[in-house]
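Here's the structure, in structure tokens; my notes come after.
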């Protein structure tokens, strides 16, 4: 049996302000730093250690991972970063307030944009400075692969090849793996691991900073999964994520 730990980054400054973030590189809030610290402490209390870590190229995920590894006394382990683990790209919604967007377009449409499997928001124009073609960290990636908007289906299409080529291979080699990423890149992976339907993934809420453990068989099929930490806090955190796209 293998164990895999997934962690959504702690609350970011834009999470706090209820803004669509996507590929915008936003730092952790004070609460987010505390969430990452607590996640590290819980993992330490439960006796977890890791051989390799995977993360996106966005600072909120990187900082969450660094805080957790410091708590574990494991800042020395290898960390592999990839844009394929980035948050879903929210297109022209990036920077907009979720509740205000719900007021303008209706909760149903915002929920569809946020959580539907195959309907992306309005795209960014390539001339828009928010488009990733203008970000030097992506200069080695073919322009055709950089999104101007994404639905979850698009996110799955970039996450799963990375899972297969890099992460799954490390697990099969016997390495203990932690992934620090984002709500939608982790939802993409969970959908794949649990073979969830397109409808069921709509209801999945992954809270910030709380370790999610997957126990996998030798073929990397899930045996069970569970969050580490206080059950009431976990429930409240999941409800908070679910309420982000509702009207004020």
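Every residue, even glycine, has its Cβ placed from backbone N, Cα and C.
DSSP gives residue 9 (active site, tele-phosphohistidine intermediate) a coil state; it is part of no helix or strand. Within 10 Å of the C-beta atom of residue 9 (active site, tele-phosphohistidine intermediate) sit 31 other C-beta atoms, taking all shown protein chains into account. Annotation source Swiss-Prot lists active site, tele-phosphohistidine intermediate at 9.
Marked as active site, proton donor/acceptor by Swiss-Prot on the basis of sequence analysis: 87. There are 27 other Cβ atoms within 10 Å of the Cβ belonging to residue 87 (active site, proton donor/acceptor).
The substrate binding site annotation in Swiss-Prot covers 8-15, 21-22, 60, 87-90, 98, 114-115, 183-184 and is backed by sequence analysis.
Non-local neighbourhood of residue 182 (site 'Transition state stabilizer'): 8, 9, 56, 58, 60, 61, 85, 86, 87, 88, each in the same chain, at least six residues away, with C-beta under 8 Å from its C-beta. Summarising the annotation, Swiss-Prot assigns site 'Transition state stabilizer' to 182.
Counting every protein chain shown, the number of other Cβ atoms lying within 10 Å of the Cβ of residue 11 (substrate binding site) is 24. Sequence-distant neighbours of residue 14 (substrate binding site) (same chain, six or more apart, CB under 8 Å from its CB) are 20, 21, 24, 26, listed in sequence order. Long-range Cβ proximity for residue 22 (substrate binding site), meaning a same-chain Cβ under 8 A and a gap of 6 or more residues, is found for 87, 88, 89, 90, 91, 93, 94. In the three-state DSSP classification, residue 183 (substrate binding site) falls within a helix.
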